[in-house]
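Here is what Swiss-Prot records for this protein:
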{"type": "DISULFID", "residues": "C5-C38", "note": "disulfide bond"}
{"type": "DISULFID", "residues": "C14-C33", "note": "disulfide bond"}
{"type": "DISULFID", "residues": "C17-C29", "note": "disulfide bond"}
{"type": "DISULFID", "residues": "C21-C60", "note": "disulfide bond"}
{"type": "DISULFID", "residues": "C40-C54", "note": "disulfide bond"}
{"type": "DOMAIN", "residues": "5-60", "note": "domain 'TIL'"}
Amino acid sequence: GQESCGPNEVWTECTGCEMKCGPDENTPCPLMCRRPSCECSPGRGMRRTNDGKCIPASQCPEH
């Protein structure tokens, strides 16, 4: 079943790669499905912080 997702995360059947805050923000993603999970969706402008939170890219700390 669907696990409970954290703030800003979305349950996704076909997860791609998440994007982290920081210099690797523009790393291209492989177009493959990973296992279903809670995704911090880059398509919605979200980024994963180093401590695992999912926040809007505009709130990323300056690097």
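Here, residue 1 is simply the first one shown, and the rest follow in order.
Cβ atoms here come from the backbone N, Cα and C positions, even for glycine.
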Rounded distance in angstrom between the Cα atoms of C21 (disulfide bond) and C54 (disulfide bond): 9
Chain-internal residues, separated by at least six, CB under 8 A from C54 (disulfide bond): G6, P7, N8, E9, C40, M46, R47, R48
Secondary structure of C54 (disulfide bond) (DSSP, helix/strand/coil): strand
Number of other Cβ atoms within 10 Å of the Cβ of C29 (disulfide bond) across all protein chains: 10
Nearest recorded site to C5 (disulfide bond) by CA-CA distance, among disulfide-bonded residues C14, C29, C33: C14
Pairwise Cα distance for C14 (disulfide bond)/C38 (disulfide bond) [Å, integer]: 10
For the domain 'TIL' (5-60), the mean pLDDT of the predicted model: 86
Same chain, 6+ residues apart, C-beta under 8 Å of the C-beta of C33 (disulfide bond), given in sequence order: E13, C14, T15, G16
Cβ packing number for C40 (disulfide bond), 10 Å threshold: 24
C-beta crowding around C17 (disulfide bond), within 10 angstroms: 14
Alpha-carbon spacing, C17 (disulfide bond) to C38 (disulfide bond), which is rounded to whole Å: 11
Three-state secondary structure, C14 (disulfide bond) (per DSSP): coil
Cβ packing number for C38 (disulfide bond), 10 Å threshold: 18
